[in-house]
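K.L.:
The following feature annotations were taken from Swiss-Prot:
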| type | residues | note |
| --- | --- | --- |
| REGION | 1-229 | region 'Pyrophosphorylase' |
| BINDING | 8-11, Lys22, Gln72, 77-78, Gly139, Glu154, Asn169, Asn227, Arg332, Lys350, Tyr365, Asn376 | UDP-N-acetyl-alpha-D-glucosamine binding site |
| BINDING | Asp102, Asn227 | Mg(2+) binding site |
| REGION | 230-250 | region 'Linker' |
| REGION | 251-451 | region 'N-acetyltransferase' |
| ACT_SITE | His362 | active site, proton acceptor |
| BINDING | Asn385, Tyr386, Ala422, Arg439 | acetyl-CoA binding site |
Amino acid sequence: MERFAVILAAGKGTRMKSKLYKVLHPVLGKPMVEHVVDQLDQIGVSRQIVIVGHGAEAVQDTLGTRVEYAVQEEQLGTGHAVQMAEAELAGKSGATLVVCGDTPLLTAETLEALLAHHEAQQAKVTVLTAIADDATGYGRVVRGEDGNVTKVVEHKDASEAELAINEINTGTYVFDNELLFDALKQVGNNNAQGEYYLPDVISIAKEAGEVVAAHTAPTFDETIGVNDRVALSQAEAIMRKRTNERLMREGVTFMDPASTYISPDVVIGSDTVIYPGTVILGKTTIGSECVIGPNSDIRNSVIEDHAVVRQSVVTDSRIGEAAQVGPFAHLRQQAVLGANTRVGNFVEIKKSTFGDGAKASHLSYIGDASIGERVNLGCGSITVNYDGKNKFETVVEDDAFVGCNVNLIAPVKVGKGAIVAAGSTITSDVPEEALAIARERQTNKEGYTKR
């Protein structure tokens, strides 16, 4: 059976009180709707239609060509929103999963189980339900003796007996695709809000004698919809705990899981130790037996085995095996460190490569540079790479030694095995194995202070 998905992402999200489109608010560094799309990618959905409205361009910029889009110009209810996908999906045979773009905690495993239950029950509609400790405000799921759904009743319309039910409608469904769009044509808007509600399809299917099934999510937390900043914080806390516990089960040590923020896409090898206050986001991979933190921020980077990163910021970079970074270093924009390198206190590296064994231990800026193997950059070494209009490259070849407080005015090359004396400002290439001195000779004026 072919699988389709409709993601509802057109709501304005007024309760967020934000200029940012609701489904683009991040949970552990990734927009909510992108979490949903990632899970759908894992379960073999052939087409994903995202229903957009307010802020459509921002959603399209985020998701790109991974999905298709349909625009809901007016927000006239969830049923009306799904109808916007009719041009793409009407008449096709298969199952259509309808999910909300503000449910970032839904997992591929739960969605797969929901679809499997739908097929096993030969249902036309299957509702994802959850058991709530406090069901106030949620629609209740009423089941018949056969376990199938007889109706979904909104809280305000529920009887005393129905209010006692703690199984709630999560707003996630699977529909027979052809039935879905046929039934939506019969949905009216004769209600207080004047909107077309998707759950009305359930009643239409029941009246037609079709099977309406229900599958219960493993936990209520997984089904949370984010409507305000409080729920956003709750979702992030749940996802953080879920991610950290998975990594611990895979052999990663957390000194304080509650103060460590790691996105679910991050891969970390066994016997790595994560210290408190660490943030690791994006497409980051960390090897085995590393030490990360405390208080480090790592994004979209690769860190190889046995490396140490302490109290540093690393973005879009690569750190080689057994390298040591920090404290208080900043690697960004394609900084690449080889094995056994050392980058120390208050060193910033941008768009540069360090060969194996190279060191910049203190107070340096290295930008647009190629640093060879076993090079030593002394305290205060600076690559002067920008003339106000253009960036230029600095090359320091293998085994060169650059003394303290040296300015390398790019474009410039320091040859293999060369030495640059401390305090020099280098404007011309330094030959291999040469000593370059570019500073004023010292003059002592005897008795000067007695005048």
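Each Cβ is built from the backbone N, Cα and C atoms, and glycine gets one as well.
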K.L.:
Name the residues of the same chain, 6+ apart in sequence, whose Cβ is under 8 Å from the Cβ of Ala10 (UDP-N-acetyl-alpha-D-glucosamine binding site)?
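P.N.:
For Ala10 (UDP-N-acetyl-alpha-D-glucosamine binding site), the qualifying residues are Ile51, Val52, Gly53, His54, Val71, Gln72, Gln75, Ala81.
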K.L.:
Identify, among the binding-site residues Asn169, Asn227, Asn385, the residue whose Cβ has the fewest other Cβ atoms within 10 Å in this structure.
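P.N.:
Ranked by other Cβ atoms within 10 Å, the binding-site residues Asn169, Asn227, Asn385 bottom out at Asn227.
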K.L.:
Given the binding-site residues Leu8, Ala422, Arg439, state which is nearest to Asp102 (Mg(2+) binding site) when distance is taken between Cα atoms.
P.N.:
Leu8
K.L.:
Including all protein chains displayed, how many Cβ atoms other than that of Gly139 (UDP-N-acetyl-alpha-D-glucosamine binding site) lie within 10 Å of its Cβ?
P.N.:
23
K.L.:
Write down the Cα-Cα distance for Asn227 (Mg(2+) binding site) and Lys22 (UDP-N-acetyl-alpha-D-glucosamine binding site), rounded and given in Å.
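P.N.:
Computed Cα spacing between Lys22 (UDP-N-acetyl-alpha-D-glucosamine binding site) and Asn227 (Mg(2+) binding site) is 8 Å.
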K.L.:
What span in Å does the acetyl-CoA site cover, taken as the longest CA to CA distance among Asn385, Tyr386, Ala422, Arg439?
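P.N.:
This binding site's residues have a maximal Cα-Cα distance of 22 Å.
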K.L.:
With Gly139 (UDP-N-acetyl-alpha-D-glucosamine binding site) as the reference Cα, tell me which of the recorded positions Asn227, His362, Tyr386, Ala422, Arg439 is the closest one.
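P.N.:
Of the recorded positions Asn227, His362, Tyr386, Ala422, Arg439, Asn227 has its Cα closest to that of Gly139 (UDP-N-acetyl-alpha-D-glucosamine binding site).
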K.L.:
Helix, strand or coil by DSSP: which one applies to Lys22 (UDP-N-acetyl-alpha-D-glucosamine binding site)?
P.N.:
helix
K.L.:
For a quick check of packing: other C-beta atoms within 10 Å of the C-beta of Lys22 (UDP-N-acetyl-alpha-D-glucosamine binding site), how many?
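P.N.:
The answer is 25.
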